[in-house]
């Protein structure tokens, strides 16, 4: 089962990340003539939607290492499953970065004159991984990633919580894609919203190998660990907030639950 999960997530993450990363490449390398910031958000949203449609039956669509780690801490999945999920996510993400690099190889070299850099007028590292905006403090950037991931997990729980008012199953992937797009539209300015260690770290490792060098790790006060740590902490905080504000009350208001059950029974009958 672990191998099946690993292979599925590998293929899915490859699929999703290619949508997202290639849209960033098109905006940067096209110098704004082949898309804008909105097109990046839409591409990531579309990628997530299709990924969840494809993965839902196999892995419950575990496409974010922060959510996977949180599930493991809460005891919902085993450590071996965690390792299989995260390995699949990381390998898929790494291969997606390699695929987009191959796809836009000529354009990258034309844009940079063969000099692959993380900063400067022809920087291209932000095609593959996130970096903080020059105007934001390190603490502000960390808080942005943390808050954006809190919003991600809260939104995901609202969409999927069967005990509350969950969306119908076939609509859940579309709504999750819209959630990711919404986060990008409102919280992308400071850090480019990684909100997922699997989305950010493997492409960074790929860049270090492919010619950008270790600068991708040392740049911006060694920024690389923030898109790993902040989403995990944000995910845990988001689950806690959800349980405190919504989930806890659902369990302790029998009248409310009965009302929901009546409604469900009515729907089943009709």
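Any Cβ shown, glycine's included, is placed from N, Cα and C.
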Quick one: sort out which of 222-242, 243-263 is the transmembrane segment according to TrEMBL.
222-242
Using Cβ atoms and a strict cutoff of less than 8 Å, what residues sit near the signal peptide (1-20) while being 6 or more residues removed from its termini?
40, 43-44, 46-48, 50-51, 54-55, 58-59, 62-63, 80-81, 83-85, 87-89, 91-93, 95-97, 99-100, 103, 198-199, 203
Given pairs 6 or more apart, does the transmembrane segment (222-242) have at least three Cβ pairs under 8 Å with the transmembrane segment (82-105)?
no
Going along the chain, which residues at least six beyond the ends of the transmembrane segment (82-105) come within the CB cut-off of under 8 Å?
2-3, 5-18, 21-22, 25-26, 29, 59, 62-65, 68-69, 71-72, 127-128, 198-199, 201-203, 205-207, 210
Taking residues 6+ outside the transmembrane segment (136-159), which of them lie with a CB under 8 Å of any CB in it?
64, 66-67, 70, 166-167, 172, 175-176, 179-180, 182-183, 187, 190-191, 193-196, 220-221, 223, 226-227, 230-231, 233-235, 237-239, 241-242, 246-247
